[in-house]
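Student: One structure, pasted below without further comment.
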């Protein structure tokens, strides 16, 4: 028997990270992951940027990797961004309600949005910001949640036509007052081509890179729990760009050379879109050899390359291949059937209001564009973070304080990716198994799984922490551990070749009549905030529904079991 003891505590749920997944142009859905730069690691895609001194502050992790597509937009188009706690949309939600804080949107002109390594650096100008709206007593993130995860902005008129990166920035302040402070930035970028004159406005920009943010900026250590709040909120960064109304109108009417999109267009012949991937019609065939040739090669590529937004459309392509197989097996070697039929499903529209949130500042304000911003709130922000700098060639960015590295949260720094837990979407491809242990090691990975389908659809949602399973020194190395836990049954720990489940419920918080069937035995008499954890092997676990909302900072698990016997609990 091996004693498994983790020194771990607990708090109510404050987990629930987020990712910007989808762009809508004037209400038209461009498709999940289309024209979006995002973290390509599905297990960490929703994580905040850490530490603050990080070039990922520009467009997020993997934000220097360009998307294949650039979406066309018009002067004064409304851009709507969708944020999801589950990037593939498998469960609802945008960001946890505890994650209160401001929002901002920036733009940056680039020579080619589909080129890599053009995010961090100068050229960024702000077109929208909203922190705390005193008229509604809401933070921007609260308005985002109330609007089903949709944030809209209007492009200012008169900008020079061409390629741009559009950067969304959410700042969660729920742990900003901690020691050390832990402000959590969630940033992402869309690639757009702005139609218009090549002689339009080019706003002065600022640098966004590893030097931009530090704990010296007051807005990053703001205490949202102070009553009453200390208002106004100390906004940071550059003022929102406000074009001269008359100049913008004239620039918009310039009849000179109009910018023409050359890069990032949807490839000709693409009949199925899945984020950066396109499926192309197979070549016509008239014999048995040609009948089997091409379809499954594309299917394998679709299943093997999808972004965190999911692989839903891969099943559509697989169905096409199966239909071809059926025809081939029947001796019908003339095809393909339904040649050239577009398979991309019709996309849903914006699932919330497209009105720009009131209470903030927008570049569109000065143009009377009807953006929905309160008239009283149109003054430019004058409280700027010192780490932001304008970008004329003679100027350089102010270096961030070296202590910014101390703000790294261990949930990312100590996170370990479980190599065999790659099937994060839970959808369709035959033979895609669930993750399991790496074999006997001194250090074993902990992977947190979300299971809402009674063990039938197990999804790894976060890999975190290494546990020393040595006989004399068992401990959890990570101090913070925040799984996405809405509607989950428990934690699964993968160790060796067995799966051990830890089932938790809050005593006197979630009533047992919400857990069907009830766990055997009666709950111990303990305090209201206590969490009781029970270790089960996979075989010993009887599925039951008990919806828990937990944020596990530290907790204590003590269980004795034979690591080679998955039937013991």
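FYI, residue positions are counted from 1 along the chain as it appears here.
Note: Cβ is positioned from N, Cα and C throughout, glycine not excepted.
Below, the features straight out of Swiss-Prot:
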BINDING   17, 99, 186  Cu(2+) binding site
BINDING   174, 184  O2 binding site
COMPBIAS  399-424  compositional bias 'Low complexity'
DISULFID  59-189  disulfide bond
REGION    399-439  region 'Disordered'
SIGNAL    1-16  signal peptide
Student: Say you check the Cα of residue 189 (disulfide bond) against those of the binding-site residues 17, 99, 174; which is nearest?
Tutor: 17
Student: Roughly how many Å separate the Cα of residue 59 (disulfide bond) from that of residue 186 (Cu(2+) binding site), to the nearest whole number?
Tutor: 9
Student: Quick one: of the binding-site residues 17, 99, 186, which has its CA closest to the CA of residue 174 (O2 binding site)?
Tutor: 99
Student: Using a Cβ-Cβ cut-off under 8 angstroms and a sequence gap of six or more, which residues of the chain neighbour residue 186 (Cu(2+) binding site)?
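Tutor: Same-chain residues close to residue 186 (Cu(2+) binding site) (Cβ under 8 Å, separated by 6 or more) are 17, 18, 19, 20, 46, 48, 49, 60, 83, 95, 169, 170, 171, 172.
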Student: Would you mind checking how many other C-beta atoms are within 10 angstroms of the C-beta on residue 17 (Cu(2+) binding site)?
Tutor: 22
Student: Secondary structure at residue 17 (Cu(2+) binding site) (DSSP, helix/strand/coil)?
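Tutor: Once the DSSP labels are grouped into three classes, residue 17 (Cu(2+) binding site) ends up as coil.
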